[in-house]
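Marked as active site, proton donor/acceptor by Swiss-Prot: 151. The feature substrate binding site is assigned by Swiss-Prot to 118, 152, 276, 277, 292, 371. Annotation comment: Swiss-Prot describes 293, 297, 324 as Ca(2+) binding site, evidence class sequence analysis. The compositional bias 'Low complexity' annotation in Swiss-Prot covers 333-342. Here Swiss-Prot flags 61, 69, 70, 86, 146, 200, 234, 402 as N-linked glycosylation site, drawing on sequence analysis. Here Swiss-Prot flags 11-33 as region 'Involved in apical transport and lipid raft association'. Taken from Swiss-Prot, the feature region 'Head of neuraminidase' applies to 91-469. Per Swiss-Prot, topological domain 'Intravirion' is recorded for 1-9, and the stated evidence type is sequence analysis. The topological domain 'Virion surface' feature in Swiss-Prot is assigned to 31-469; the stated evidence is sequence analysis. As annotated by Swiss-Prot, transmembrane segment applies to 10-30.
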């Protein structure tokens with residue numbers, strides 16, 4: 001082969017290779033463009049399928065980057081559609097309660113910057129549970145903690161942390177409040193925050209981080225709310241609020257809120273005489289609350305809320321083993337399901353119970369006179385039979401030698417049923433412990449279980465002599 005033929009042969013081979021490479025690049029480009037614009041259509045409905053009219057909120061939109069021969073292909077991951085909660089699953093059948101969480105706030109305050117709080121509660125969104133409390137605008141090892149036994153000051157704020165995380169200096173202050181309630185409707189958090197003058201307080205309704213609505217005091221006598229979670233069903237949230245005497249007739253109203261906006265207000269009706277600090281839970285299609293009668297009864301009021309027509313009914317827990325403190329001893333206590341028992345009704349403490357068919361699960365202080373100790377049990381017929389007193393499955397949560405305080409319920413949706421959980425406020429400091437000038441709390445949390453369980457006691461556990469004065 002002469003030199004000219006060699007040159008022609010090499011040129012032909014080079015041209016062929018270049019042509020093949022060019023065609024491969026075109027193929028890669030076409031593939032890239034096709035994949036990019038197709039965007040994995042996430043099971044798009046057929047063109048003739050009717051689409052829902054309600055808005056769809058995209059929780060997150062993740063882009064996954066795949067590298068192929070130095071060519072970048074973007075693949076869209078199907079977004080998760082967030083829906084309102086409806087709580088339509090049945091209630092879990094339980095044998096008792098198992099330990100879930102304890103924040104040890106007071107013990108940690110002996111050597112760290114932890115907020116002074118009271119009125120704690122727990123509420124969950126679809127993924128996590130959070131603890132809330134009303135802060136006093138100060139940490140414990142701080143002179144501002146002196147005399148924090150007072151309930152209503154303008155520096156109190158609603159604190160929010162993931163459950164089990166004590167309220168440290170980095171804790172978020174959700175709103176200004178000396179009375180509050182919070183709940184998640186499936187899309188965002190609603191916070192009801194009350195602050196201001198005793199005779200002219202304001203309730204702010206904060207939804208998804210924005211102030212949406214407000215309402216002023218209607219009886220000019222300490223507007224107040226639940227101090228535990230509200231409940232939302234299909235986008236409508238309900239919260240119980242009271243304004244008026246703490247030891248006489250008061251004006252209780254049930255508010256209905258949609259995305260932070262008040263859409264209806266219903267007055268309390270039924271036989272309950274005095275209603276405060278309700279502990280509410282979803283009982284699809286409605287909401288049920290167990291409350292505090294601070295006037296006439298040591299048996300607890302029941303408020304039933306119809307979420308469809310906004311109607312309200314009220315009565316009292318039937319169990320003759322009553323739930324409030326102070327109360328008569330169990331041999332002489334009574335309840336007829338409809339009326340306050342007029343047994344040591346003045347004063348009281350926030351508490352909880354929930355129905356289980358004809359029976360009732362409940363918690364209360366072990367002491368009938370003081371906020372000391374804490375126990376739970378089931379009363380056979382306690383939801384349907386007047387003055388029923390047959391108690392089973394008793395558990396000690398806090399032994400009688402240690403202090404307790406408020407308690408309340410919260411609900412957690414599982415794969416097949418809705419579980420009931422409760423928290424107990426463990427108060428420390430004044431009035432009882434006069435070595436120190438502050439009043440604060442930690443919490444312990446239990447949840448319903450269908451399994452077996454042991455025994456124990458879970459008090460606050462701080463040595464008051466180790467604490468800042």
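Glycine residues also receive a Cβ, built from the backbone N, Cα and C atoms like all the rest.
Features per Swiss-Prot, on structure.
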residue	record	DSSP class
86	N-linked glycosylation site	coil
118	substrate binding site	strand
151	active site, proton donor/acceptor	coil
200	N-linked glycosylation site	strand
234	N-linked glycosylation site	coil
276	substrate binding site	strand
293	Ca(2+) binding site	coil
324	Ca(2+) binding site	coil
371	substrate binding site	coil
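Secondary structure of the compositional bias 'Low complexity' (333-342) per DSSP (helix as H, G, I; strand as E, B; remaining residues coil): 0 helix, 0 strand, 10 coil.
Of the candidate recorded positions, 146, 324, 402, the one lying closest to residue 292 (substrate binding site) when CA atoms are compared is 324.
DSSP assigns residue 402 (N-linked glycosylation site) to a strand segment in the three-state reduction. By the criterion of other Cβ atoms within 10 Å of the residue's own Cβ, the least surrounded of the binding-site residues 152, 292, 371 is 152.
Taking Cα separation as the measure, residue 86 (N-linked glycosylation site) is nearest to 293 of the recorded positions 200, 293, 297, 371, 402. Here residue 118 (substrate binding site) is positioned 20 angstrom away from residue 293 (Ca(2+) binding site), judged by their C-alpha atoms.
Neighbouring residues of the recorded Ca(2+) site, listed in sequence order and excluding 293, 297, 324, comprise 274, 292, 294, 295, 296, 298, 299, 300, 301, 316, 322, 340, 341, 345, 348 (Cβ within 8 Å of the Cβ centroid). The substrate-binding residues named in the record, 118, 152, 276, 277, 292, 371, extend over a maximum Cα to Cα distance of 21 Å.
Ranked by Cβ neighbours within 10 A across all protein chains shown, the recorded positions 151, 324, 402 are led by 324. Summarising the environment of residue 277 (substrate binding site), the number of other Cβ atoms within 10 Å of its Cβ, over all protein chains shown, is 25. Long-range Cβ neighbours of residue 297 (Ca(2+) binding site) (same chain, at least 6 residues apart, Cβ-Cβ under 8 Å): 273, 274, 316, 324, 339, 340, 341, 342, 343, 345. Nearest in space to residue 118 (substrate binding site), taking C-alpha to C-alpha distance over the glycosylation sites 146, 234, 402, is 146. The CA atom of residue 151 (active site, proton donor/acceptor) is located 17 Å away from the CA atom of residue 371 (substrate binding site).
A 10 Å cutoff on Cβ-Cβ distances gives residue 86 (N-linked glycosylation site) a total of 16 other Cβ atoms nearby, all chains included.
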